[in-house]
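J.: As annotated by Swiss-Prot, N-linked glycosylation site applies to Asn199. Per Swiss-Prot, motif 'Hepta-peptide GHRHDWE motif' is recorded for 119-125, and the stated evidence type is similarity to another entry. Marked as signal peptide by Swiss-Prot on the basis of sequence analysis: 1-19.
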Amino acid sequence: MNLVPALVLLLALAQTVLGATIGHDKVQPFAQPDPVTVSEKAAVKYKPQLQISDSCVSFPAVNAAGEITGGLKGTKGTDGCTEAPLGSQVYGRSTWYQDKWAMMFAWYFPKNFWGGGAKSRHLWANMVLWIDNPALETPKILGASLSRQTLEVPKAVFLSMGEQQKDPYSKVTAIPPMGFVGMQAIQTSRISRFRYTYNYTGGSDISTRVSQGYPDNSAWISLTFAGTDGEYQDLIMWNQLTDQARAALESADFGEDTKVPFNDKNFEAALAQAWPF
């Protein structure tokens, strides 16, 4: 047996399984397929918008061949990540969890941010939207869970610069009015010097909007509900990915501090952490 071709083949297979790393701006996103199943139709119907103001835009993390993004070094602010030249991507996965239907929508960012500045390579963020039944004509939104980072807050000369988050999700059982796409707040009256009452008008009751933002000035960037509209990205569900892409997302190493939340290894645990009821 000729060992050279055999070794070449083994190396090629290993590369396919583990996923080769390519430039963050060279990853071709998946086009959003026409939804066929009940779960796919519900995910498309409830797909959220992502609004970006203080960080990188979202980028695709893997292509059809299983090649994984290399991300960007956590320096120089948003240099190199203000636009995804080949298009962005939102990843999805759905399942029954206890007695609720859970839809996870996840975004990948090539840099992570703290206190307004880039700090490290790679970030995954996700939202879990909980509904009663995807087979209904108009399922009821029961709650939402938005991921946030639990990393240690940097210190300045032995002084903490903020509070470290303990729970990896912020959770609500009612979406705030301004969390819906198109919603506008109309000021109606003044209660006190800094307090007003509002009416809310013009918004969706299905599509939500989230943003990458800071809970305070000394915090790691996390998902929050947005006050203004963002953009939709092409949605690709876990079972719509190619075998190579799924295998790559199972084995890819994005670092100890951020994990692919919707792969087989992490999905169930993420839903347990996101449970808001």
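From the backbone N, Cα and C atoms, a Cβ is placed for every residue, glycine too.
Not measured: the values here are computed from a predicted model.
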J.: Run through the motif 'Hepta-peptide GHRHDWE motif' (119-125) and tell me, per DSSP, how many residues are helix, strand and coil.
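T.: Tallied per class, the motif 'Hepta-peptide GHRHDWE motif' (119-125) gives 0 helix, 7 strand, 0 coil.
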J.: Relative to the Cβ position of the residue listed as 'N-linked glycosylation site', how many further Cβ atoms are located within 10 Å?
T.: 11
